[in-house]
Amino acid sequence: MAMRLSSAAVALALLLAATALEDVARGQDTERIEGSAGDVLEDDPVGRLKVYVYELPTKYNKKMVAKDSRCLSHMFAAEIFMHRFLLSSAIRTLNPEEADWFYTPVYTTCDLTPWGHPLPFKSPRIMRSAIQFISSHWPYWNRTDGADHFFVVPHDFGACFHYQEEKAIERGILPLLRRATLVQTFGQKDHVCLKEGSITIPPYAPPQKMKTHLVPPETPRSIFVYFRGLFYDTANDPEGGYYARGARASVWENFKNNPLFDISTDHPPTYYEDMQRSIFCLCPLGWAPWSPRLVEAVVFGCIPVIIADDIVLPFADAIPWDEIGVFVAEDDVPKLDTILTSIPMDVILRKQRLLANPSMKQAMLFPQPAQPGDAFHQILNGLGRKLPHPKSVYLDPGQKVLNWTQGPVGDLKPW
């Protein structure tokens, strides 16, 4: 149930809704992104690159899904749907000699707890095993030590394969992946788990499920600030302060009684509808800086309020996050109400028009079947922009750069 707003907030919300309806009537409810970002967002990768998909034993992919179909619906599912997309994509080549990129379809987030949370502890062994397989059955990995290969690693901290930042930093990126291009949800500047050249993508959010919860476009946005989720993680952070670097706790302590803020740990069945009735949707960091809220906010036209210092956002060369979102430093959370109420109305309305652009929403989704401009195509565009590979990535016969014995002893055990 949405909280009751102050008279000032109600007046602002009604004025925003009225102005938005006038824009619809004038055909001005959406706005195309200007400049190169808009062109990049609408690029077509077909004809720009060719990808060879390795045929691995099904134990690395399909059997995992058959064992636990929950993998298909959690926020890490992009690795599964990317594989399915590539198998029927026009950029796929069956001739590895003409490939620009090589893709290894290994699912590293399908080992789930009874509660549906991925356990990343076997992931390094699964990945090493898959790389050993392709390097012994094809010559292409050995030709570059993986520099013309890409992997989808949608864990909390990417190829560091741990859900807690301290442990992820301690592990670092799996040594065998240090020359490959990583396609990952995790993105934070100057972080050991984000290597140079990685492609940052949105987490998976179920497109069909969201589509069934759409409300009429003329529905007024009568909620000023909206958030549903944890503020404290007492199970993993019993003393508090470490989870979300204290930012979520600060949101709760400062604004739990503020009528402008509809915030709660409850997750109502009207969650998606409520986002469509909201002007601002909080997207604070959790254990990692990203979450599906970012996707949901964009799809539902709710201005994302990004509280995650140094975050690297999905497809940042195509999506103008500064123009569609609001960035609030973690230390500035206590001033969140002042920051948001100080944004001029014309700025809010422009952000809403940009968010209403269908190409913006499409870029954040992994639909089945794929559609032009979706997240699959944005990934391919990112790979295409890296071509041609520099000659320096190709090794002399017998030359090795990677150390196969590097890393924690547990990671070296056969899988």
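Glycine is treated like the rest: Cβ placed from N, Cα and C.
Over in Swiss-Prot, the protein carries these features:
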{"type": "TOPO_DOM", "residues": "1-4", "note": "topological domain 'Cytoplasmic'"}
{"type": "TRANSMEM", "residues": "5-25", "note": "transmembrane segment"}
{"type": "TOPO_DOM", "residues": "26-415", "note": "topological domain 'Lumenal'"}
{"type": "CARBOHYD", "residues": "N142", "note": "N-linked glycosylation site"}
{"type": "CARBOHYD", "residues": "N403", "note": "N-linked glycosylation site"}
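N142 (N-linked glycosylation site) sits 13 Å from N403 (N-linked glycosylation site), taking the CA atoms of both as reference points. In three-state terms derived from DSSP, N403 (N-linked glycosylation site) belongs to neither a helical nor a strand segment and is classed as coil. Here N403 (N-linked glycosylation site) comes close to P175: these same-chain residues lie at least six apart in sequence, with C-beta atoms under 8 angstroms from its C-beta. Across the residues of the topological domain 'Cytoplasmic' (1-4), the predicted structure has a mean pLDDT of 44. Cβ neighbour count for N142 (N-linked glycosylation site) (all protein chains, 10 Å cutoff from its Cβ): 16.
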